[in-house]
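Student: Shown below is the structure under consideration.
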Amino acid sequence: MQNRNISYWIKKCVIQSISIVILMKIIAWPSISEAYPIFAQQAYEDPREATGRIVCANCHLAKKPVDIEVPQSVLPDTVFEAVVKIPYDMQIKQVLANGKKGALNVGAVLILPKGFELAPADRIPPEMKEKIGNLYFQPYSSDKKNILVIGPVPGKKYSEMVFPILSPDPAVNKEANFLKYPIYLGANRGRGQIYPDGSKSNNTVYNASAAGTVSKIFRKEKGGYEITIDTQDGRQIVDIVPAGPELIISEGELIKADQPLTNNPNVGGFGQGDAEIVLQDPLRVQSLLVFFVSVTLAQIFLVLKKKQFEKVQLAEMNF
């Protein structure tokens, strides 16, 4: 009996320990969606510069097309869709951080007018939730709820993303007005070429740091190369190329300073887009509807009056 109790308590302790470990992992492990915009969020107070350039372009050097679709106009305190499209060839593979090839991921930053923000979960219609899927959006910062970020997420599944947006109500939010507003989009597919500290990733071209002759190319065990260049003044320069890019030079070759040593492995890129949306006054819409109804009724009465007049004329002619 005592052995059974000991066995029971051992099993209980083991199960509790495993549960605690799993719970700690879930809490401590950061979401992949939260990891992507951290560079821009930490380095820049505002993701859009005064020139209109979105700061993501500092790391993603190649330009690629993006598209955004929003309604022409919305009413106050209304949930609507902003559809972001990031097209690319689904068959291509990108260089991963370990030098291997893998699928592309995508990410986006959506800059809304002040007052517009991410729609609360309880305001999003079920059909819109189906379009959104498992995407997790977050504001750029606590004081910039009108700027939303997402990514990285699998490009094959989310090359088209639906952002649920809540429009402001000028009756409640005094900063909002019934006007036409711009919306700005920045979106990327694939990894960047430069890290925020200015260092290169392994997803870009590597150039020779000096002119001379390539005397030795050493392939490292974990991938990448050490390229020894003998300069004309007798010095030896060693350029390090990480795993990922492919060499396009060979031993004995005479090269110039800044000459590419590798191909450009980047297959992704960053793009910007914009759209306009009108925050429509409901009273104006009602007035417009009343006007259209009035015009329609007036036309109907004119037609009826014309037919009545024609009947009178016809009766007089017969008389």
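Going from the start of the chain as shown, residues are counted 1 onward.
The backbone N, Cα and C atoms fix where each Cβ goes, glycine too.
Pulled from Swiss-Prot, these are the listed features:
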- Tyr36, Cys56, Cys59, His60: heme binding site (BINDING)
- 1-35: signal peptide (SIGNAL)
- 285-305: transmembrane segment (TRANSMEM)
Student: Enumerate same-chain residues with a sequence separation of six or more from Cys59 (heme binding site) and a Cβ-Cβ distance below 8 A; give 'none' if the list is empty.
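Tutor: Listed in sequence order, they are Phe39, Gly192, Gln193, Ile194, Tyr195, Pro196.
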Student: With every protein chain in view, what's the tally of Cβ atoms within 10 Å of the Cβ of Cys56 (heme binding site), excluding that atom itself?
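Tutor: Excluding its own Cβ, the number within 10 Å is 25.
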Student: Sequence gap of 6 or more, Cβ distance under 8 Å: name the residues on the same chain that satisfy this around His60 (heme binding site), in order along the sequence.
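Tutor: Listed in sequence order, they are Asn188, Gly190, Gly192, Gln193, Gly268, Gly269, Phe270.
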Student: I want to verify one value. Collapsing DSSP to three states, which class is Cys56 (heme binding site)?
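Tutor: Helix, per DSSP.
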